[in-house]
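Student: Feature table excerpt (TrEMBL):
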| type | residues | note |
| --- | --- | --- |
| ACT_SITE | Glu297 | active site, proton acceptor |
| BINDING | His296, His300, Glu319 | Zn(2+) binding site |
| DOMAIN | 20-189 | domain 'Aminopeptidase N-like N-terminal' |
| DOMAIN | 224-364 | domain 'Peptidase M1 membrane alanine aminopeptidase' |
| DOMAIN | 483-798 | domain 'ERAP1-like C-terminal' |
Amino acid sequence: MAASPEEFRGQARLPHFASPLRYDLRLRPDLTACSFSGAAAIDVAVSAPTRFLVLNAAELSDLAPSEVVQFEEDEILVMGFDRELPVSEGVLKMNFTGTLNDQMRGFYRSKYECNGESRNMAVTQFEAADARRCFPCWDEPAFKAKFKLTLEVPSELVALSNMPAVEETVNGPLKTVYYEESPLMSTYLVAIVVGSFDYIESSTSQGTKVHVYTQVGKCNQGTFALDVAVKSLDLYKDYFGTPYPLPKLDMIAIPDFAAGAMENYGLVTYRETALLYDELLSSASNKQQVAITVAHELAHQWFGNLVTMEWWTHLWLNEGFASWVSYLAVEYLFPEWNNWTQFLDETTSGLRLDALAESHPIEKALASYIKKYAYSNAKTEDLWAVLEEESGEPVKDLMTTWTKQQGYPVIYAKLNGHDLELEQAQFLSDGSSGPGMWIVPITSCCGSYDVQKKFLLKDKTGKLHVKEFTASSADGVKDPNFWIKLNIDQTGFYRVKYDDELAAGLQNAIKSKKLSLMDKIGIVDDAYALSVARKQTVTSLLRLLNAYRDESDYTVLSHVCLSISKISVDATPDLSKDIKQLLINLLLPTAKKLSWDRKAGESHLDVMLRSLLLIALVKLGHNETISEGVRRFHIFLGDRKTPLLPADTRKAAYLAVMRTVSTSNRAGYDALLKIYRETAEAQEKSRILGSLSSSPDKDIVFEALNFMLTDEVRNQDSFYILGGISLEGREVAWTWLKKNWDYVLKTWPSSSLISDFINSIVSRFASEAKAAEVSEFFAGRIKPSFERALKQSLERVRISARWIESIQSETNLGHTVHELLQSGV
């Protein structure tokens, strides 16, 4: 038993000898003074004799009772008692005050316009560990409790929380709102929003009320999200085999919001661009992002909120499954969007689990898992156990190899006579090889998709006889149209490196249009990743890309083209112009076919693709596309409703304008700033911010970065400007960051926001010397909030530096580029 409060210092987690059962919270935010006061009565269960209670608190003051020791660096408070507390239940009562901060975490303030005047709203954002900035609590996901909230707010304002209001009493300028008690939930999911809002509402098939709240005058922009929400809740109710657990669901757009959205139980908060959609002002990609984000956050109401991870190390399970299920929902709601193709772009951030238990639908197991762990906490292993029980497959062994070690494998495939020989190795982008071994679900086909071979590669090597998965009885290996594709439709999370013979066969299959869209994307993505890791030459990658000249879908191609273009500037400056021209030749036929103008009845994918291709061509320096973008922009300046520049092609035109801007010719920059100042639409503002720093003129980039520090740009929107910095502007951006570092760190303290500055500016470099310079600058300045982002950014710089060395040693690169340019004429 602890003898003094000092013994609780420096501990990673709270002790478990006492835990909360129920919080009765009363909060009174003052939106003018930007402060709040509160009182908490917490029912506590003491499970082992102790003289102390230890819980979390940060940036709270006037804490009573007074016999409290606060350790600010650990964000804990320790209460000592004269006598040992018996094993029983009691009530801990505390009063406290705090600041409605401007840092988009804890209990904070967000600025908005209402009836022409600027006001503050009060908002919470508690994930991962910021509930403690609003009230003293056991601020860890495993300490689930019930919450009974009461808010005292100005009587004219809307006050929302997780649960419905059951009573309101008005006393002059203030009203007191009492909320229904919540079910068991973690502190990070508690939510409060207070301000002036409009709303629209609908109901699910079960009668659950769903609302979308917006700033006054914007509620019509919530219609699309409301429709997606209602349909998603109905779908998930069946998919998870459990009804939506709460009496209502509110979704609200917040002007200042650090993340994209937050899945608070029953009150989901979003940044405006992630929730609002306007048919005239939003692009197709905005619409798709709103659908995916809403579906993702609502999947969390089951997977994360009802069943919660035991500790943050299991967070990937929450996020991975919510991502997977959200794409499943959007595919169901909008099959014409071909959403799984785009999910492929996301697979590097989460494992696709649909091949796990192929003989049993995974939803049977998910329903069992959710019923078993409802209102409690689960570890990763708990899900594997349920999946294994339901499917009869060795899920735990298989998945442990994926979740307990870093990275993923690359499968080397080699043809030896009629045998396909496979060997696995750990794939690392820096080209090194690690000791990792996985149980890999291999899928393969040969010559057609009619016959497929599936097996688990459990050892370092494996062998397949080609006849086992060849559709025809002829000697396939000698057939000129022979090809083998592993990882069919990219359902497995691994790379494949084919030997020259197999790679040539796949190139022929691409040219003759024998492969599925998912496989065509996967082959390019694997080849690009292998090239970065120096396992394959850029020369061979360019030859592969050339096989896609007649391809009409460039979902991954434009991303790969831009990456090759950027690295060529550093690696082969003399060849860079020719490489860009080669890449332009690849993208141009489809861009010309789609043109700048929408066609009646064209698909959602074509609308998305047009924007993607035009942006890529502008970034590659295609003069014709840049000139056309500038021409349309000038028409748009005179008529903001012109059909010549709808929302979908505006970003391409803005980038085109900025490619022509310089210190001596800044009219385009000033015109974009004028539009930024005149529009109230968050999506339009983000498009402009994402373009301002893309000028090749270093002084303009410097000016754009300084504009980010003004009151005209919300702190949440800094990453748009950071993400748009031109290659020519990277050095001046680094100088700017060093000069403004102290201010940046103070203004953007949260981990995700400060990480944007480091990732966006440092990752653009590609030399060991620059990595050393960056390391030296940060040597005495590292803080936990950005340490990981810095390490990852430096790793990217060093990977690029080694990739450049590898490219410079490719003796045939110049010859190949000129040969491919000639063949494309």
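Heads up, the Cβ atoms here are built off N, Cα and C, so glycines get one too.
Since we're looking at a predicted model, the values are computed, not measured.
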Student: Mean pLDDT, the domain 'ERAP1-like C-terminal' (483-798)?
Tutor: 93
Student: Can you list, in sequence order, the residues of the same chain other than His296, His300, Glu319 whose CB lies within 8 Å of the CB centroid of the Zn(2+) site?
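Tutor: After dropping the recorded site residues, what remains is Glu263, Glu297, Ala299, Phe303, Gly304, Asn318, Phe321, Ala322, Ser323, Ser326.
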Student: What whole-number Å value do you get for the CA-CA distance of Glu297 (active site, proton acceptor) and Glu319 (Zn(2+) binding site)?
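Tutor: Cα-Cα, rounded: 10 Å.
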Student: So among the recorded positions Glu297, Glu319, who's got the most Cβ atoms within 10 Å?
Tutor: Glu297
Student: Once the chains shown are all counted, how many other Cβ atoms turn up within 10 Å of the Cβ of His296 (Zn(2+) binding site)?
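Tutor: Here the count is 25.
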Student: If you skip the near sequence neighbours and keep only those at least six away, which residues in the chain come within under 8 angstroms of His300 (Zn(2+) binding site), Cβ to Cβ?
Tutor: Glu263, Asn318, Ala322
Student: For a three-state summary based on DSSP, what are the helix, strand and coil counts in the domain 'Peptidase M1 membrane alanine aminopeptidase' (224-364)?
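Tutor: Across the domain 'Peptidase M1 membrane alanine aminopeptidase' (224-364), DSSP assigns the residues as follows: 75 helix, 18 strand, 48 coil.
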